[in-house]
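Here is the structure we will look at, set down as structure tokens.
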Protein chains: 2
Amino acid sequence: MTLPSVQPSAAPPASLELPGHRLLLGTAEPMPLDNGGTLGPFHLAYQTYGTLNADRSNAVLVCHALTGDQYVAERHPITGKPGWWELMVGPGRPIDTDRYFVICSNVIGGCMGSEGPKETDPATGRPWGLSFPVVTIADMVRAQKLLIDHLGIDRLFCVIGGSMGGMQVLEWAATYPERVFAAVPIATAARHSAQNIAFHEVGRQSIMADPDWHGGDYLNRGTRPKRGLAVARMAAHITYLSEPALHRKFGRNLQDRSRISFGFDADFQVESYLRHQGISFVERFDANSYLYITRAMDYFDLAAEHGGVLANAFRTPGPKGGTATPVRFCLVSFSSDWLFPTCESRAVVHALNAVAANVSFVEIESDKGHDAFLLDEPEFYQVVRGFLEGCAEHRGLPRTGS
Amino acid sequence: MTLPSVQPSAAPPASLELPGHRLLLGTAEPMPLDNGGTLGPFHLAYQTYGTLNADRSNAVLVCHALTGDQYVAERHPITGKPGWWELMVGPGRPIDTDRYFVICSNVIGGCMGSEGPKETDPATGRPWGLSFPVVTIADMVRAQKLLIDHLGIDRLFCVIGGSMGGMQVLEWAATYPERVFAAVPIATAARHSAQNIAFHEVGRQSIMADPDWHGGDYLNRGTRPKRGLAVARMAAHITYLSEPALHRKFGRNLQDRSRISFGFDADFQVESYLRHQGISFVERFDANSYLYITRAMDYFDLAAEHGGVLANAFRTPGPKGGTATPVRFCLVSFSSDWLFPTCESRAVVHALNAVAANVSFVEIESDKGHDAFLLDEPEFYQVVRGFLEGCAEHRGLPRTGS
């Protein structure tokens, strides 16, 4: 009847068993963090697709969202499902791996091989748990920049991502404008709204209310707060969709029976669907990582990082109001996204206009809600393809990548 | 740091200790239920305000919402707070207790004295728990009708309520049209949407995932699933508000400190507010009741009860398409209510128009979300006052009640 019947076969595999690259960074000196401390040496796990060209000018950094990871365009090592952005990244896709060299790293604080609460604290030899520092979007980007340095890339051709990925894109453009040619922040915001903080807090409280959480020390206790994490995912998942999409997909359709059961089983298809979302999520995600990454999103406030004026994030100080960012922007929002509604993208566009930056902005008509950026939305892919092709021409990238 | 610090002093008081009336119904014969079974004898707890006039024509039945109760216009016996609708009900208020006799009963399935999972099953002498039958909105209304019979009221002057209360209003008008003079369904719908079922399912899963729930048998185990219920309330509470209201009230304001803590304490005011909502709720509400009442809302589908055509709910069969309901309707919605958006009320209005019923409809401009019907919205109170005064004139009610 209830989630207690959820018994995922096992915890996600140890990071050493995951396919792909895993780099030790911050070895010479630890990386500074926004909380005033440092991190290092630390691991960053990443994947690449395509080939870096001779002058290293065709690199595209993809930034993943809250529960995403580095497996952008290949089978996921745990779920066995296609990569989360195979519609966007691959041969002939808008981010064409025959032309571009695509990099995606798991964020720090994450649970797919990058340093995070699930990993081993070298100082103690035990899982970090809550002793892992609370990191920010800027910290995540700082780690990615070390990776880009390591790969010898002076300037990324493009940084692109949706939702929390879009926050990283904005942070990249604001902090390292000389290292970014083009930026595509999708379905995102320059700061997390009160409502979004509230939804995140519900998810965190659900995890922390699970007795198996053990104050974050569950890995040392041989447990995992599966039920709390599943409920957190269920609540969040509703916010990724839209009422019209839920109505179209499920309506009030009943599950495997002709009439209601007068009980608490999943009578409605939307209930089974949600339960499945919760159950499958705990098989691949770490509960403490969920706390850390939601917190990083809550803390994100790009204007606050620049004296309270968002436009200041996109100009370097100087006479006559400073110099506008050299980065070319293309912002995308989706009409039915109520988690990161269009007005949030528009606020960024206004700030970019205020410094006369190079910016285009498209709101895609879609009833699929926030998740639209992960789904089949032809107009969206056409917009990204067109923008990248235009930028590639400006950048002088040849038609083929290597 | 987390909800584990929540230790409400005690469980809600036993029903016998609650002030007000408590009636034993279904003594001659048990009440039939939609699930095919029966209930009875069973208790119904209720409150009244004002005086019933000589010809018993001035009775207003107020129907409460999911977590409401019969304490409409007096201090709540557990929380000590004002009645939940004191802005609406009282001397000189729109539902003027100097003129009308106001009745409100706790719904069956509830936890404030009416028969529900917290009460004692007479067959076993132990709390019902999950052996209490799963009831519907129609069952709740059937029990209220027995109360109205008991009070010797042939025809209610008005049935009024918001949210789930509005569902009961619609059910009353559809099932007992000859017993209702006027009906005011507020911020409600003729059926629960897929998104709303989804949010309810999250709340139920949160409760059922709490080990202290014990398969619903917690009262016999001396525990209460406080954490699960608190998280359920937090998630639900967000849906009662609106993004603009949350932004206006809290924005990204920090709680009792000048900067973020880089931790999982409640940094933001909206987080403390939500935690408080969760904590205070468990002091007054029963977790199993939460399961039952949310389920009743999920099951509500007035058109389905009438051959799939909503208009059929409002006409009696007969030649030339039958006879329109004699009930006078006033529907109210709020512009920022995304839980029961205006289109839901409009669907009811269309059905009423299709039978040429007497209906008026007002959408109130408000940024306060679904909870607006409980808050200070002068235009809303003006609409209800005006509608009731017009109806009172038609009904021939004198200016003073008794």
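Placement of Cβ uses the backbone N, Cα and C atoms for every residue, glycine included.
Sequence-distant neighbours of A:Ser163 (active site, nucleophile) (same chain, 6+ residues apart, CB-CB distance under 8 A): A:Ala65, A:Leu66, A:Ile186, A:Ala187, A:Thr188, A:Leu339, A:Phe340, A:His370, A:Phe373. Here TrEMBL flags A:Ser163 as active site, nucleophile.
In the three-state DSSP scheme, A:Asp337 (active site) is classed as coil. Residues or ranges marked as active site in TrEMBL: A:Asp337 (among others).
Residues or ranges marked as active site by TrEMBL: A:His370 (among others). Note on A:His370 (active site): other Cβ atoms within 10 Å of its Cβ, all shown chains, come to 23.
The substrate binding site annotation in TrEMBL covers A:Arg233, A:Asp371. Secondary structure at A:Asp371 (substrate binding site), as computed by DSSP, is helix. Using a 10 Å Cβ-Cβ cutoff, A:Asp371 (substrate binding site) registers 22 neighbours.
Over the domain 'AB hydrolase-1' (A:58-375) the predicted model carries a mean pLDDT of 96. Here TrEMBL flags A:58-375 as domain 'AB hydrolase-1'.
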Cβ packing number for A:Asp337 (active site), 10 Å threshold: 29
Alpha-carbon distance [A:Arg233 (substrate binding site); A:Asp337 (active site)] in Å: 18
Protein Cβ atoms within 10 Å of A:Arg233 (substrate binding site), excluding its own: 23
